Amino acid sequence: MARVAAILVSCVLLLAATSSHGLKYGYYNRRCPPAEFIVRKVVGKAIRQNPGIGAGLIRLAFHDCFVQGCDASVLLDPTPANPRPEKLGPPNFPSLRGFEVIDVAKAALERVCPGKVSCADVVQFAGRDAAFFLSDHKVNYTLPGGRLDGRVSLENETLAFLPPPSFNLSELVDSFRTKGLDVDDLVVLSGSHTIGRSHCSSFSDRIGTPPSDMDAGLAAVLRRRCPANPNFNNDPTVVQDIFTPNRLDNQYYNNVLRRKVLFKSDAALLTSTETARKVVENAAVRGRWERKFARAMVKMAAIEVKTAANGEVRRNCRVVN
Ligand code: HEM
């Protein structure tokens, strides 16, 4: 009887260690024990030099997962065979940053355990670690590994799957639903806009005439910082959260409530009672958003992961093997 109970307990533990989609907690424990430690160290060093890079890494994790799944397709450089990869898509170029940090982490991993750690896992671990450091260790979660790297990366898929800042609530909800994420995930993950920066072109439609629902004081500040018609050669950046620009905290929700946010997609969270209630809860209940954010990041990191049939472990994250 005791033996049966012990077997049952081990089965439950085994199931718990295997998350859905074939990803596994502790995936590198035997394959490459220092893997997660190496990524965290590289990310910590990069963030100490420039906290903005941490924001870039969190966004990189999102942009990777929404196009072709979490498969490092966003990292592939143009080649004669594929001159227009995701990286060059308008949502990514020139604003997406953090690629060099992934290169440094991958190079270190290849020295210690060649061919073992996928770029797709490095991207998600790096996003997780950036959240850990920028939240002053408050966002602290384990993430399963085992994603493989894809071989397909197409610029035109970025506009199809990455929501633009001009989206209204129902467009945002649809975009997230297509990727298996729900309204709660949308509200919680949008909280990432409590760090990092934006180019003026991403919100210029909200600071001119006619006035938008943006707070008039913030709109006036932004008009001074941004040209009337930003273009590729003249497109400055501003911080997303004017109060705590480098801290991953729940300040974003207070900003949404005060209409001190940059994008229509941020302001859209107040346009339904369901999402407005979630905004108020995330703003008011201490520690709640950090817990929810961790859970939503784990969920996002499992979108459409590749298997051995359509993936590989790249040697260099910028080119397929
Ligand atoms: C809900 C739909 C979303 C829209 C419409 C959106 C749009 C944008 C835009 C336009 C920017 C500024 C880009 C620039 O001009 O430089 C930005 C920045 C950023 N986004 Fe989002 N985003 C969304 C969701 C997310 C999610 C789900 C995450 C992460 C989980 C995220 C993380 C970030 C971060 C960290 C930055 C700052 C990046 C940096 O400083 O380099 N966003 N987003």
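Cβ coordinates come from backbone N, Cα and C, glycine included.
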For this session: Report the candidate from THR178, THR194, THR307 that shares the Ca(2+) 2 site with ASP241, THR244, ASP249, as recorded in TrEMBL.
Result: THR194
Seminar exercise, completed: From CYS32, CYS65, CYS70, the residue that TrEMBL pairs with CYS113 through a disulfide is CYS32
Problem set entry | Closest of ASP64, CYS65, VAL67, GLY69, CYS119 to CYS113 (disulfide bond), Cα positions, recorded positions only | CYS119
Exercise. Just checking: which of CYS32, CYS119, CYS200, CYS226 have a Cα that is within 10 Å of the Cα of SER73 (Ca(2+) 1 binding site), counting only these disulfide-bonded residues?
Worked result: CYS119
Exercise. Along the domain 'Plant heme peroxidase family profile' (22-321), what average pLDDT does this model show?
Worked result: 98
Seminar exercise, completed: The sparsest Cβ environment within 10 Å, among the disulfide-bonded residues CYS65, CYS317, is found at CYS317
